[in-house]
Structure formats: C-alpha cells, structure tokens
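Here is what Swiss-Prot records for this protein:
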- His175: active site, proton acceptor (ACT_SITE)
- Arg88, Asn120, Arg151: substrate binding site (BINDING)
- Asn120: NAD(+) binding site (BINDING)
Amino acid sequence: MVLHSKVAIVGAGAVGASTAYALMFKNICTEIIIVDVNPDIVQAQVLDLADAASISHTPIRAGSAEEAGQADIVVITAGAKQREGEPRTKLIERNFRVLQSIIGGMQPIRPDAVILVVANPVDILTHIAKTLSGLPPNQVIGSGTYLDTTRLRVHLGDVFDVNPQSVHAFVLGEHGDSQMIAWEAASIGGQPLTSFPEFAKLDKTAISKAISGKAMEIIRLKGATFYGIGACAADLVHTIMLNRKSVHPVSVYVEKYGATFSMPAKLGWRGVEQIYEVPLTEEEEALLVKSVEALKSVEYSSTKVPEKKVHATSFSKSSC
C-alpha cells in the first residue's frame, strides 16, 4: 500500500526534471509538483513532462514553496552552482542562503514529511536542511553515495561477471573526494569479495578514483550529470513511499560521529528507520574517520552562519 503519494520537487533544472521523469514511470504518485524560482523553466518542464504523463498516468504540475511544505516527500535539487575559482566555503555559504529561502518558503512543513536533498555538496546541505527544517534527523536524508555505490557495483559486476544487483558493496563517507569503499564488507552470493582470486588483482586505488571521478568525466564531456542521479533519487522516493525497508547508502545524521554522511540505512515511510554499522579494517576505519572529520568541520561552521527570518515570498527572489 502506498502510504505517501504527493511528491514535491524543488528545482526545475536537469536533475529535478530527470527525477520527475523517472518517478512518473514508477506510477506510485498521486501527484508530482515542481517548484522553482524561474516560472518559465517550471512551465517548460511541466509542459514537456505532461506529454510523458499522458503515458504514465501520473499528474504533474507547477506548485509553490508553501505547497511543497505540505507534500509527503520533498526532493530538493535546487542549489547554487560553484563559480570558477570560488572557494568551497563561499559556495556553501551561498547554498546555505538558498536552502534557508527554500525551507523558509515551505513553512509550516508538515511534521511527518520526509526531505530528500540531492543538491551538492549533498552531505553538508543535508546537515543544513536538518537544522533549518526542525524535522527529526531521520526525516531529512541526502542522496549521498547511492549513485557512487551503484557505479561501484556495476564495475564489480563486470569484473566478476555477475549481475550488479548480486554485488553487495558500499561507498561510505562523504559524497566527494574523501569517500571510501568498504572492501572488507563487500560480498557476492554471501562470499566475501576478499576471498575471490580476482580480488588480489584489483587495482583498488584506480577503482576508487574512477568511481569518484566519473561525474567529472561526464561533466567534462556534456556539461552536467542528471540521468543517473535522477534515477537514484526516484528510487529512494519509491523506497520511502512503498515502505519497502530497503537498505541504501544515503547521507544521514549519525549520532555516534555527530556528523551527516553516507552509511547504509533502512528506509521506510518514516525516512531512516535504522543505520547499519559496516565492518571495516583499521585502514578503512581511519579513512572513514578522516572523511567524517573533514565534513564535521564544514558542517559545524555552515550551521553557524547567522540565520535570518525567511518568509515564503523570499523563495521566489532567491537564485538557485
């Protein structure tokens, strides 16, 4: 039974539209609304997607930030893009203002809503969204390393000649340069990956770089990535809506570390229902801690940016 049915996608760019498109064909939403500061791009995306909606039978329309606040699930894809030569701290500060405007415009947010942050840097923005929204930590999640994990499983599936869905392996930590692969816990058919003869031949450093660098290669060739992350975001919405209780690596607040980063989490209609500890080697644990500590320093400073009272109308004046 579908416990959630109305989804709001905040951000009508390529990622937001790709998410809407992928979600439409799952036929699980009673309604999808798209929200953006640019009315022309919203209208264009809705008109285009409406043609596909006639086949999927999922209603889609433009909506307001206030309406988004009353949706069952809110997917935030809007965010400021990094300017050439801009320090990361400045980008985060600008994205803080964007999120502040978005979430301020959504108030009052329904208390049982689930927010899924897709915009980058996703771990930091998820942490900020948790702080600004006032929702319980389990109801604010980020797409995190879900796409990275998918890429890893596809790669290992090719190496070991199995369906990627039969590969159980996770990319953990930051969705970014410091992310790490939990090799010790990886398995195929219940057999540890480390026990396969092929494992010793793997260039794990090269694989890690290829997984984390794939997005930049796509951006270099065509300017942006959106289909893969759109499909992943739609799948996460699907998991939450149907209360599937599936385990995915998503960006969540982990109390043990006091930070927001990707760990395997069971997802249901309440959002995160359980976070799983992954067995790691000492070396892997050190890499994860290093990744988390780097995020913590930024997450802490980002949530210390002085907050301003934001009204619903201010969202329409922000640049996303």
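Each Cβ is built from the backbone N, Cα and C atoms, and glycine gets one as well.
The structure displayed is predicted, hence computed values, not measured ones.
Around the Cβ of Arg151 (substrate binding site), a 10 Å sphere holds 20 further Cβ atoms from the protein chains shown.
Annotated pair Arg151 (substrate binding site) and the residue listed as 'active site, proton acceptor', C-alpha to C-alpha distance, rounded: 13 Å.
With a cut-off of 8 Å between CB atoms and residues at least 6 apart in sequence, the same chain places Gly79, His175 near Asn120 (substrate binding site), listed in sequence order.
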